[in-house]
Number of protein chains: 2
Amino acid sequence: MIKPRTTPGVMELLPRDQIAFQRMLDVIRRNYERFGFLPVETPVFELSEVLLTKTGGETERQVYFVQSTGALGQGGQPELALRFDLTVPLARYVAQHEHDLAFPFRRYQIQRVYRGERAQRGRFREFYQCDIDVIGKDTLGVRHDAEMPAVIHAVFSELGVGPFTIQLNNRKLLRGFFEGLGIADGERQALVLREIDKLDKRGAEAVRATLTGPDFGLAEDVADRIMAFVQVRSNSHADALARLDALGSGNATLAEGVAELREVVELLKAQGVPESDYAVNFSIARGLDYYTGTVYETTLDDHPQIGSVCSGGRYEDLASHYTKSKLPGVGISIGATRLFWQLREAGIIESAESSVDVMVGLMDESRLGDSLDIARQLRAAGINTEVQMEARKLARQFHYADKAGIRFVALYGEDEAARGVVTVKDLRAKEQFEVPRAELAATLRVELEQQRAMGSH
Amino acid sequence: MIKPRTTPGVMELLPRDQIAFQRMLDVIRRNYERFGFLPVETPVFELSEVLLTKTGGETERQVYFVQSTGALGQGGQPELALRFDLTVPLARYVAQHEHDLAFPFRRYQIQRVYRGERAQRGRFREFYQCDIDVIGKDTLGVRHDAEMPAVIHAVFSELGVGPFTIQLNNRKLLRGFFEGLGIADGERQALVLREIDKLDKRGAEAVRATLTGPDFGLAEDVADRIMAFVQVRSNSHADALARLDALGSGNATLAEGVAELREVVELLKAQGVPESDYAVNFSIARGLDYYTGTVYETTLDDHPQIGSVCSGGRYEDLASHYTKSKLPGVGISIGATRLFWQLREAGIIESAESSVDVMVGLMDESRLGDSLDIARQLRAAGINTEVQMEARKLARQFHYADKAGIRFVALYGEDEAARGVVTVKDLRAKEQFEVPRAELAATLRVELEQQRAMGSH
């Protein structure tokens, strides 16, 4: 006998949690489609040679390699490896199918990715990423950068996870600002930005001390200007624009960054995103060296400890490893597994009711034909219906429905048959009522639509 | 520069094919939920020790093992392996979560599985399986066996792939029949059944010759009775029952099999499945030794060369490797990747129109705000909408929409603004019309609902 268990670092859910998780994915997918993004799925494994174009780094150390039985123990790097994000597969996909795609190419991808993380609570070796990207050929206007936060807004509004803020910044603006302070060297900027990225974790004092300490050796007034700069958070649309104005024109890089971020902020308003839901935040840098312009992070106002729930940005060239074509893009990613896990830990998400709307109980073996016919009518009306195929004790049938989270139990026994009605028990409202058999589907459909409209499914 | 490519044996689709494939998966999922099955997802990898409980066999030779960078080259069997079906993960899941599940446990699972197949046209190393199973605790009535073909009927009716036949048989009936002919040894029966399984491929003559040849040495009249038996196909509900009656009661095993299959056939009718869509077929054995009662295969009447598109059956005990509990079950599986690939090869499925319903074109840079507002209204009405963010040449915008398979292009230029209307080009109907701006969303919604009702999306 083998102990049934999974490897640590995976999220496997019981059905009612899986239903809640599936609804989250459905909301994300529906909104991605609503904004005109097209679905793409790629294989879970890529050829190792294709996947691992960059040498070394944290990512490669965490890669899961795949090999069939026959290839085991033959030495050398295995031919296949599991994807560790959706960006490298996107780059490979766009380069491979370049001549069959229409640009700007707008794709969404909702699939699992794999990282050989150490086993630790809240760290996942397998997790869903939900990505959208717009990829241009040769060029892609900055206006597309303004579409991303509009999608984020739509998704998180519908997820119903409370108030959130989409935080915006621009890497050119950051670079230009540092150049203006005499920190012109790209690598040195990157180091300062990496320190600034720790602001939330280490606090302003500690970061300032590092900047004026031996590692960086910045003058006190330079450190002061940096600290003031990175603590900017706008609190309204007008404030966001004023904060940008206050930066002045400075050097060309700063001016370009300011102009881009201004356009993004203006277009957010034009798309009807409420000004309470976005802010400029000059401390946002994003860890990756990958981003070159606009960058995004999204935080839940009431749950800052969760950190960013949706991040992304603008990059110069998606697929330089695979094609000579220049493919600039902008994109965002939601890590749905981690998000779901954290929202559940924080008590924001609970197990869903069952996806089964109605259980047709069976009081009497001779009525099975009626049960099946009632179920057929309910299903034809779009109602998810389960039939008790055996006349177990009624108490057991109710216990089963209750444990499974099914709202309605429909009963059709001798008494009901004589009067042409169905008895319905509403386990949620703890009510019982009778409906003429022919009207059952229509009646329950109204009840279920009300429930859905109230968002309490 | 690295050549962008995937490993052979995976199905990677362009967006319009992916949309068509996604619709197929959605139909399957919707119908599985309609019949009261609950969603389960399991990790793509299982612990090798848990996955590979049986020794040897084709399956184990085809397993893909997974190991992280650090574990490479350390010898021994890798700790993880990719699932090769959804049945072993289900067994592990039910045994692991037994005390949190309500029985009979009805689950569906739609995920990809992995097999190290040789590279060959139409053979997939990664493919979707779409499974449902009902798992009982200790016992599970044969009535549940009748739910499976009802689900198959609902799925394949909605998929719209032409007429199909759900073929039914019962392993007890088969065993009993062979016992009656003096072929009582289980292993010998299995060998005969394996020959019969080749009937479609090898033809009746070849199979008969094998049975009377040196390998089996059956008497001519025994071979005749077998050949007559396995060629039985009922052509109506009454005929199915008559074919079962004609078998007589014989031995106990035969009688039990006949009674079970009769109940399944009766309940199929009671569930409203048209009699043209099911048949008893005494040649169906299913390769797996796994099945013990009812077995199913489903074939497309106009495309017999595709073989079975949905198969399954009844098994005695799901998870004997992981738990002492007895867990009998019944289930079916649709291999969606292979099905989609074959339907496309046969010309039954074509690329879908875009999931984007409307593209808002941009004739004049100054109108971007209007475009975004129009898009906002369309999206609020549930219409998938893409905005042209830059005023490229109109011909290019139309070319883009056409290539992407988008049906409607909405235009709002100076002339339209002056009159408060939007010009709509219907690229499918090759028509153009004007709508008051405030009525655009309602008008297009009607058009799109008509399109969906006609099933021509």
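Each Cβ is built from the backbone N, Cα and C atoms, and glycine gets one as well.
According to TrEMBL, the feature L-histidine binding site maps to B:ASP85, B:LEU86, B:THR87, B:ARG115, B:GLN129, B:ASP133, B:ARG286, B:TYR290, B:TYR291. The Cβ neighbour count for B:ASP85 (L-histidine binding site), using a 10 Å radius over every protein chain in view, is 15. DSSP classifies B:ASP85 (L-histidine binding site) as coil under the three-state reduction.
Marked as domain 'Aminoacyl-transfer RNA synthetases class-II family profile' by TrEMBL: B:22-339.
Each of the binding-site residues B:THR87, B:GLN129 was scored by the number of other CB atoms within 10 A of its CB, and the lowest score belongs to B:GLN129. Within its own chain, B:ARG286 (L-histidine binding site) has B:ARG171, B:ASP197, B:VAL295, B:GLU297, B:SER311, B:GLY313 as residues 6 or more apart in sequence whose C-beta sits under 8 angstroms from its own. B:TYR291 (L-histidine binding site): 22 other CB atoms within 10 A of its CB, across all protein chains. Listed binding-site residues: B:THR87, B:ARG286, B:TYR291. Those with a CB under 8 Å from a CB in chain A: none. Summarising the L-histidine site geometry, the residues cited as binding it (B:ASP85, B:LEU86, B:THR87, B:ARG115, B:GLN129, B:ASP133, B:ARG286, B:TYR290, B:TYR291) extend over a maximum Cα to Cα distance of 22 Å.
Each residue in the domain 'Aminoacyl-transfer RNA synthetases class-II family profile' (B:22-339) has a pLDDT score, and their mean in this model is 92.
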